[in-house]
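Feature annotations, courtesy of Swiss-Prot:
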type	residues	note
DISULFID	Cys42-Cys111	disulfide bond
DOMAIN	22-115	domain 'Ig-like'
CARBOHYD	Asn37	N-linked glycosylation site
SIGNAL	1-21	signal peptide
Amino acid sequence: MGTSLLCWMALCLLGADHADTGVSQNPRHKITKRGQNVTFRCDPISEHNRLYWYRQTLGQGPEFLTYFQNEAQLEKSRLLSDRFSAERPKGSFSTLEIQRTEQGDSAMYLCASSL
């Protein structure tokens, strides 16, 4: 039905204590047309040096996409095709970009951080 593609982002917290403000993701949800580019941003909990990206398609559990320690991308899933890229400059926030979106990209994209 139409050419709209729905990409959702949600919050996932690992190792947060009561004083932490939590992981922040932006945008929280995004609806786009096939063929467009989408960029998601994740701001981890302060002082957390590990950051993870996951995606969850309808009716499935979360699937690992990539893992950073500080700015180094230490592990990358085969699910990250040449249209997907992630970076974490200076070990701070992280971005996940999907180029030329396809119907199969419709999912909830999650980020998490830990010590």
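Placed from the backbone N, Cα and C atoms, the Cβ positions cover glycine too.
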Report, in whole Å, the straight Cα-to-Cα distance of Asn37 (N-linked glycosylation site) from Cys111 (disulfide bond).
19
What number of additional C-beta atoms lies within 10 angstroms of the C-beta atom of Cys111 (disulfide bond)?
27
PLDDT averaged over the residues of the domain 'Ig-like' (22-115):
95
Three-state composition of the domain 'Ig-like' (22-115), taking helix and strand from DSSP:
6 helix, 50 strand, 38 coil
Residues satisfying Cβ distance under 8 Å from Cys42 (disulfide bond), sequence separation of at least 6:
Val23, Ser24, Gln25, Leu51, Trp53, Phe93, Ser94, Thr95, Leu96, Cys111, Ser113
For Asn37 (N-linked glycosylation site), list the number of other Cβ atoms lying within 10 Å of its Cβ atom.
11
